[in-house]
Amino acid sequence: LPSYLPRLKSVDCAKCIGELLVPVAPFDQKSGREAWTVAFAPNGSYFAWSQGHRIVRLIPWTKCLKNFSTGHCGEATNASSPRHLSCQNSNGNHIIPVAGEPREHTIDCGDIVWGLAFGSSVPEKQSRCVNIEWHRFRFGQDQLLLATGLNNGRIKIWDVYTGKLLLNLMDHTDVVRDLTFAPDGSLMLVSASRDKTLRVWDLKDDGNMVKVLRGHQNWVYCSAFSPDSSILCSVGAGKAVFLWNMDKYTLIRKLEGHHHDVVSCEFSPDGALLATASYDTRVILWDHHKATVLLELGHLFPPPSPIFAGGANDRWVRSVSFCPDGRHIASITDDRLIRFWSIEEKAPQAIASLTNGLCCAFSAEGNVLAAGTRDGSVHFWECPHSIASLQHMCRMALRRVMSTQQVEALAIPTPLRDYLTYKVI
């Protein structure tokens, strides 16, 4: 454990509730097995992960949770040993679901899968291409899509409910490392690639490419939309964090503060905060409206000086994820730990052991964290329980519609203004 943990009295161990395992042959100890991405559907209906060797698994999330609570094959499980729960279904045999129930799918994408993203449609959000009346695809309100980014630079779009391939998007010239859908239901998809570009695709216009965003000098690792879909954050092999205006497709600004490659990013549910994770051993919480650092979550103590933070170490942060409650953050590092942080504290609230962790994501309800590993398996933890204050819920409701500058212009007492702008964290 890190040297600072013995001095902390309130760090709990997070409870592991289950795992999805991939059987490994003795000769299969090589690259290509990694679970680079895990994802939950926005409506909580499905969980997906890239389990290595071109395969993506789609599992109904409610069914998965039920298996965890009853144990493998429905057998009762000792509640005191949750780490032994498993949902191992890798032999290709599927249970025939009752009519109307979500089906489990195993998808062969044809190449190594690096990025995954769920997208859902809102009929009121029309395609931005207003000149074309006819489209091959007309996505209804109940449509749920899965985008997969591949090693060969292609993006494949799948129907989640049937497992059928709908679109094959080809324009990137290198690995598609990350994918993200606009959360407004417009089915605008952004892909981040090792070819140093981000590309914007309009799936309501049959997947036509809308724009190429250029500015990164090296590989792009990750991108994330703000909750109102107006801003895109992108990070990559460089120290800068890029913010893009997604109405005009222009660069807003770069955030400077990391000392090494930035590999993961995500906005808070109210859009007021931006979390970025870097190989410099830190997660930084930004007020992206004002380009200021609000909080640094360090994973190495004492923190490395900037001249050494750019080197190799065993505290590289691989992934960061914001909990839907807006108060907690999870991070995965190379020191074999997952940390659950509260935005009110600079020390972890809970920790869990994980070897070779690569990525993480919270469930739509925020009560479970999923983490993928280098062997293609996924582990699930119960998130720390706490009841949000009415103050925090009011702050989130306000910040969903107001920027920091708008809040600062209000004629309100300074302590309240500081609270609403997250300066008190």
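Placed from the backbone N, Cα and C atoms, the Cβ positions cover glycine too.
Per TrEMBL, the feature repeat 'WD' maps to 139-168, 169-211, 213-254, 255-287, 317-351, 361-382. Per TrEMBL, domain 'SOCS box' is recorded for 389-425.
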Legend entry - When counting Cβ pairs under 8 Å to the repeat 'WD' (317-351), the leader among 169-211, 255-287, 361-382: 255-287
Inset, instruction - On the DSSP side of things, how many residues of the repeat 'WD' (139-168) fall into helix, strand and coil, could you say? - result: 0 helix, 17 strand, 13 coil
Legend entry - Taken over the repeat 'WD' (139-168), the model's mean pLDDT: 90
Legend entry - Contacting positions for the repeat 'WD' (361-382) when only residues 6+ beyond its ends and CB under 8 Å are counted: 14-22, 24, 33-44, 47, 49-53, 61, 65, 68, 319, 321-325, 328, 330, 332, 338, 340, 352, 354-355
Legend entry - Counts of helix, strand and coil residues, the repeat 'WD' (317-351), according to DSSP: 0 helix, 22 strand, 13 coil
Legend entry - Structural state census, the repeat 'WD' (361-382) (DSSP three-state): 0 helix, 13 strand, 9 coil
